[in-house]
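Input: a single structure, listed below in structure tokens.
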């Protein structure tokens, strides 16, 4: 942990590296127990059950589930893990501490679950807050940020998101903000204008802020803490596939540092001082949000200019009728629907 977090080549060294076997990720009365093999998981489950019984606690076998993480291109058979002669149900996903863990190694299911929870939180407050004419608009927006947006982005600092996931979160925020601000779709108000009217940051900027704050917090942890071990380490076994493998948290963190104008090679030294790191994160997130709004406005301006440009006349004729087309795609679609081949 004394090197650069993005330099994974140092983990292949023969010396000055350590290997840690994770046996439990326990939090209060919840426990996630990983195992390398079916026999290892069975032994761990029996051991925990024996220890719990010594302290007068019982394991709820109906709530316990078994989850298999298949390697790429391989499918394992059922492992049949038992506790007290009760075989645990094997599932493809399960919820642990509010987050959903799946076998696809993506946050898609977790994002869907957060959106459903945020919809539910907004619905419970609709009559009391958002549709209440006695409350000011500023109060409604503050409640939305404190409850609905916090529910939507719970544990977002640990997510590894793709562009499609961010777009779904942005759509939810825009949909609810337009309901609160009473902005109809006929007004053709842009997303940037909605955020400016509500004085609210975008979901992407909020996620970036939380991710950088969490990364700095983990970097300041003691070396024996599990989050820091997971951030600075990697799996001892297994290889990543060729081509375009799935994103890792380190890939997302490195891209986030570049977006906020923070040097990836020196961010660890900056994060050691909490005040300096918070200042750098705030400045970087603000600069990212301003640049994002400028890019959205520029994209919209270019699209409007293209629409206002005079369109050249069509030049591609149809051989079966006198109609003309601009592109071959339209010509082929016309022939397929208007002049289908006779059978």
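Cβ from N, Cα, C; glycine included.
Note that TrEMBL annotation is computational and uncurated.
Fair warning: this is a prediction, and the values are worked out from it, not measured in the lab.
Copied over from TrEMBL, here are the features:
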REGION    282-320  region 'Disordered'
COMPBIAS  288-311  compositional bias 'Basic and acidic residues'
DOMAIN    316-343  domain 'C2H2-type'
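Secondary structure of the domain 'C2H2-type' (316-343), assigned with DSSP and counted as helix (H, G, I), strand (E, B) and coil, comes to 11 helix, 4 strand, 13 coil. Here the domain 'C2H2-type' (316-343) returns a mean pLDDT of 88 for the predicted model.
Counting residues of the compositional bias 'Basic and acidic residues' (288-311) by DSSP class, helix then strand then coil, yields 21 helix, 0 strand, 3 coil.
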